Amino acid sequence: MALEAGDMEEGQLSDSDSDMTVVPSDRPLQMAKVLGGGGAACAPVSNYRTVKHVDSSEESLDSDDDCSLWKRKRQKCHSPPPKPEPFPFGQSGQKPALNGGKKVNNIWGAVLQEQNQDAVATELGILGMEGTIDRSRQSETYNYLLAKKLAKKESQEYTKELDKDLDEYMHGDKKPGSKEEENGQGHLKRKRPVRDRLGNRVEMNYKGRYDITEEDSPEKVADEIAFRLQEPKKDLIARVVTILGNKKAIELLMETAEVEQNGGLFIMNGSRRRTPGGVFLNLLKNTPSISEEQIKDIFYIENQKEYENKKAARKRRTQLLGKKMKEAIKSLNFQEDDDTSRETFASDTNEALASLDEAQEGPGETKLDAEDAIEVDHPQDLDIF
């Protein structure tokens, strides 16, 4: 056995497994203690390495040298030299925690902001709206859905007020916006564009439904002229045909068609173009062959209605002034020796109360004075007033 061991070279193992006994080596543990930190890294490897147990002291010394040489080679191969670290391990381990903390704070900040916006939306009553709001701009997020809803609601309310004022004007002979003027809020609303107030421009129908001649009846001629002019006031056109005759009315219709084809006419202030009916009536007033008496007869009913509206508005203003004066007098306390102030206020109060009595009696005289006569530029001016 010793001879076989002597014949083998250093570091060579025997092929027979029966002669070997696997025992842990005690010497490497002692070497690890002597070497200190450098041998501590090789201590676990010594348990894995197996050596052959022999009785000869020389063989044991050779095996010890082989083991130490192998350990040194093993350490060089598998233990790379330590690299200098720029930062300690403890600091590098704390950085992810800080980064993670910022991310968590950002998430909770976004959640808190979203909850605040949802709370505001709940208070405003917009839970039923469609779609979602883009919150990418965070605090600068614009709730366009709420803006559209509020704009639509305001538009509907404004339309209802206009319809109500129109009904009062048509049925009660009241001007639109009279309530606003009484409350002192008439100047708060912005003037609407012309297209919203008057609608789309009315175009003249040049061909018409059928041809008209002087021999046709006045009713047929008036109906066809009103149709071609797209004029809603057919009674006014009928009076024109009745007073001027079929021939003159047809001539005015032809002149109106020519003016409309050339671009139309502007109203007096130049803010918009006249309607075909307005052009027809303007030509009627500016025709030398038509007398002033005929023009007054044609527009008598419109002028009378306009005069009554102005008179009613004047009475309403006087009545409102009388009420304010009456309330002011009730709020004042006069002394017994202040006779001058009593007489002054009494005279003013009597005039105001007299105007109140006149307003309560009902509609006044309907006779049109010569100096109050009004010439209408075109029929739609009556509705705009």
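Using N, Cα and C of the backbone, Cβ positions are placed for all residues, glycine too.
Record features (Swiss-Prot):
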- 1-18: compositional bias 'Acidic residues' (COMPBIAS)
- 343-352: compositional bias 'Polar residues' (COMPBIAS)
- 1-26: region 'Disordered' (REGION)
- 2-320: region 'Necessary for interaction with CBP80' (REGION)
- 72-101: region 'Disordered' (REGION)
- 164-192: region 'Disordered' (REGION)
- 219-319: region 'Sufficient for poly U RNA-binding' (REGION)
- 270-278: region 'Necessary for poly U RNA-binding and snRNA export' (REGION)
- 334-385: region 'Disordered' (REGION)
- 71-74: motif 'Nuclear localization signal' (MOTIF)
- 120-129: motif 'Nuclear export signal' (MOTIF)
- 189-192: motif 'Nuclear localization signal' (MOTIF)
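The average pLDDT for the motif 'Nuclear localization signal' (71-74) in the predicted structure is 55. Each residue in the region 'Necessary for poly U RNA-binding and snRNA export' (270-278) gets a DSSP state, and the totals come to 3 helix, 1 strand, 5 coil.
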